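S.K.: The following block contains the structure, expressed as structure tokens.
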Amino acid sequence: MVDAAVLEKLEAAFKKLQGTESKSLLKKYLSQEVFDKLKTKKTGFNSSLLDVIQSGVENPDSGVGIYAPDAESYSTFSDLFDPIIEDYHGGFKKDAKHPNKDWGDVDTLPNVDPTGEYVISTRVRCGRSMEGYPFNPCLTEAQYKEMEEKLKATLDGFQGDLKGSYYPLAGMTKEVQQKLIDDHFLFKEGDRFLQAANACRFWPTGRGIFHNDAKTFLIWCNEEDHLRLISMQPGGDLGQVYRRLVTAVNDIEKRVPFSHHDRLGFLTFCPTNLGTTVRASVHIKVPKLAANKAKLEEVASKFNLQVRGTRGEHTEAEGGVYDISNKRRMGLTEYEAVKEMSDGILEIIKIEKELP
């Protein structure tokens, strides 16, 4: 049972949410009935419904509006998480089961733009949580440090293409900081959605960035998720980008077990990022389709793709350049998620070429 003070804050938060014009999935699915059913519950890590919904209440422009403060929250507050997951992940129903991990045949993914006319860069990333630790809002300062040490020990074993350096945020020099910002690697503190979810405590303790010598692979440690693994390079060679990511994830998994759920797949802090947690994306220049945004959105939705501005979520396209990625991460394998993006991009390029 939650205490009276939390309950009072929850009632106020629910009332505030009802009074906003929010189009978030939180507002859509947190009915009075669901609220009353969940408001007194808490997880083994002491997380309440308030921890789940506070970011969406503070930020009515959120698309989703909820986070899981720990892995248990997905079960404890399933009456709210399940319909939101189903809505966001294209019909992943509450009796559905995410398939086992399958990276597929990594050699069958193509270069989606061999002539280099359209695709500026390609990126594939996934999120992972270390087993046995809660998510950001519940982590202690000691746990942040412990997790960082575990990761560093693993990264020391990277060889070949993946070999590189780890840069802790704590005590980082201005020179290193500037270099990482110039390379567009450094994540910033102060994302208002994460701040409101109480996910930035003890900053910068236990946070850092690893990148390989070629700067085509990086890992964010304890930003939004415990680990965010990112493979990327200029141009459209999706196959090469994907292979690098798969090698790295498999390598780390041998030494650091990941948090996994029989039904939901890999578990992370945000419910948009469950299942495969894979987001494959390109920065693509399609000026003709940019002038016909409805057509672009039509093709994107056919392949379950998300079209965003060049600087990610909540931004506009600059110069006809879009960030286009797979939207579905659940109910399909890792390979199928990336293949969906690949097929959609090939179709978008084909239409761009055909437009007068």
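The backbone N, Cα and C atoms fix where each Cβ goes, and this holds for glycine too.
Among the features that TrEMBL reports, domain 'Phosphagen kinase N-terminal' is placed at 6-90. Taken from TrEMBL, the feature domain 'Phosphagen kinase C-terminal' covers 118-355. Per TrEMBL, the feature ATP binding site maps to 121-125, His184, Arg228, 279-283, 308-313.
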S.K.: At a 10 Å cut-off from the C-beta of Arg228 (ATP binding site), count the other C-beta atoms across all protein chains.
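M.R.: Summing over all protein chains shown, Arg228 (ATP binding site) has 22 other Cβ atoms within 10 Å.
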S.K.: Among the binding-site residues listed here (Ser121, Ser281), identify the one with the smallest other-Cβ count within 10 Å.
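M.R.: Selected from the binding-site residues Ser121, Ser281 on minimum Cβ neighbours within 10 Å: Ser121.
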S.K.: Give me the count of other Cβ atoms within 10 A of the Cβ belonging to Arg308 (ATP binding site).
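M.R.: Step by step: centre on the Cβ of Arg308 (ATP binding site), count other Cβ atoms within 10 Å, giving 16.
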S.K.: Per DSSP, what is the helix/strand/coil residue tally across the domain 'Phosphagen kinase N-terminal' (6-90)?
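M.R.: Here the numbers are 50 helix, 2 strand, 33 coil.
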S.K.: Return the residues near Val124 (ATP binding site) by Cβ distance under 8 Å, restricted to its own chain and a separation of at least 6 in sequence.
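M.R.: Expected: Ile230, Ser231, Met232, Leu238, Val241, Tyr242, Leu245, Val278, Arg279, Ala280, Ser281, Val338.
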S.K.: What average pLDDT does the predicted model assign to the domain 'Phosphagen kinase C-terminal' (118-355)?
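M.R.: Summarising the domain 'Phosphagen kinase C-terminal' (118-355) by its mean pLDDT gives 92.
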